[in-house]
C-alpha cells in the first residue's frame, strides 16, 4: 500500500490528477436529464466497438479485387471467432446509425441546437455525414456483387454535378471505371481518413459540451 501511495503522490505532484478527477466526477447534472440524453454516449461506445473490431479485421483482410472476397470468407470460416468479430462489427455499425438518428431527434426536439450551442450542432452534423460515409465505404470492402454495384452507383452520383461532376467521379474511383484503385481508396477512407476525422470532431463536440453544459428543458 505504501508503494502504491508513493506512486500516486509522484503523479499527483507533477500532473495534479486529483484535480482532474474531481472536475470529471463533480460535474453538475441537471435534474431534467433522463435516459434519452445517453444516446450520444451510446453512439460513442458503438464507435469504439467499431474501431476495435475493425482493427482486428485488418490483420486478415486483403484490399485487392482478387483477394478481398476470399479474405473475408477466410475470416468468417477459418479464423477463430472471426465470424463473431465481423458480426459484432456489422451489428454495432447498424446500432451506431440508429443511436445517431435518435440522438439527432433528441437534440432537435429539446432545442439543443440553439444559441450558444450552434457549433456543437454543426460538429454533430459533420459527424453524421462521416458516419454515413463509413457505411458507404465499408459496404464495398467485401467486394462481392452487392459491394461492387453499390460502389459503382454511389461513385457515379457526383456525375450529375455541373462542371466538377466528372472530376469528382474520377477522384472517387481513381480512374474512369471501378476497379483496384477504387477499392484502395475506399479502404483508405474507411480505415484511416474517416476514423481520424470522426475522432477529431468527437473531441471538439465533447469539449464544447463540457464547456457549455447540457441544454436546459423546453
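From the backbone N, Cα and C atoms, a Cβ is placed for every residue, glycine too.
Per Swiss-Prot, the features are as follows:
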| type | residues | note |
| --- | --- | --- |
| TRANSMEM | 35-55 | transmembrane segment |
| BINDING | 38 | heme c binding site |
| BINDING | 89, 190 | heme b 2 binding site |
| TRANSMEM | 93-113 | transmembrane segment |
| BINDING | 103, 205 | heme b 1 binding site |
| TRANSMEM | 119-139 | transmembrane segment |
| TRANSMEM | 189-209 | transmembrane segment |
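Cα proximity to residue 103 (heme b 1 binding site) (within 10 Å) is found for the following binding-site residues from 38, 89, 190: 38. For residue 190 (heme b 2 binding site), the same-chain residues that are 6 or more apart in sequence and have a Cβ closer than 8 Å to its Cβ are 54, 134, 137, 138, 141. Of the two recorded stretches, the transmembrane segment (189-209) does not lie close to the transmembrane segment (93-113), with fewer than three CB pairs under 8 Å once pairs fewer than 6 apart in sequence are set aside. For residue 89 (heme b 2 binding site), applying a Cβ distance below 8 Å and a minimum sequence separation of six or more within one chain yields 49, 50, 53, 54, 57.
Non-local neighbourhood of residue 205 (heme b 1 binding site): 120, 123, 124, 127, each in the same chain, at least six residues away, with C-beta under 8 Å from its C-beta.
Every protein chain shown contributes to the tally, and the Cβ of residue 103 (heme b 1 binding site) ends up with 22 other Cβ atoms within 10 Å.
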